[in-house]
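Enquirer: Reproduced below are the annotations present in TrEMBL:
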DOMAIN    5-54  domain 'SGTA homodimerisation'
REPEAT    74-107  repeat 'TPR'
REPEAT    142-175  repeat 'TPR'
């Protein structure tokens, strides 16, 4: 009996099981009966061949149970890997994370954790590959962005590291290590006379910037200031209009500085040319 006939017989048996139950209404029951007759005729299924069909419901339930068991086992292996990491047994940790990935290849945490073990083993390219896999599964996984930044830094790829740390800090703004690593990456770029590209998308999605903008726009004084700023922009052809425009812009900047100095410093670092305003060591 061919595999195609086994599949057809299995479908017929499944449909007949549904006809034996009470879930189907009259119209659905009639449709299923017609489907059974059509399949039996199209594939020329004999009673003997129908008896060789597979129980599809049992197969699905078995696979579902196996998947759940795999996830439980994968989580256990991950926890064992974490313990090995704490004990600084990085190769053993790598083995545990790899087995967890084999059982559940759709869990971003397992790839990120294996990246950490690669990093400790000095396998930075492999760490980057695992971080990339984790982010493909979960793009907003801050820890994976942070670990990607560390691996890139180890390979002196500071421009890419800066982008990774910036994204990690954006996703987890309370994590001081991301902010410090971002600052160090910017220092490295400045030492080389480089500056990373301004991440306008990241800035516009920054929760602190959005909150400050909302507060400013709801403040009547700021509404008047912005209105005046727009009017002065249209009338800035003369020296008097230009001075008024500069004064309004300075007032807006002062308000931002008073409202959130840390955010203003972050914005300043993104747009400041390398070496200006920083006590940077000379380029090596």
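Backbone N, Cα and C atoms are what each Cβ position is placed from, and that goes for glycine too.
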Enquirer: Across the whole of the repeat 'TPR' (142-175), what does the mean pLDDT come to? Round it, please.
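Expert: The answer is 96, the mean pLDDT of the model over that range.
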Enquirer: When DSSP states are grouped into helix, strand and coil, how many residues of the repeat 'TPR' (142-175) land in each?
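Expert: Secondary-structure composition of the repeat 'TPR' (142-175): 27 helix, 0 strand, 7 coil.
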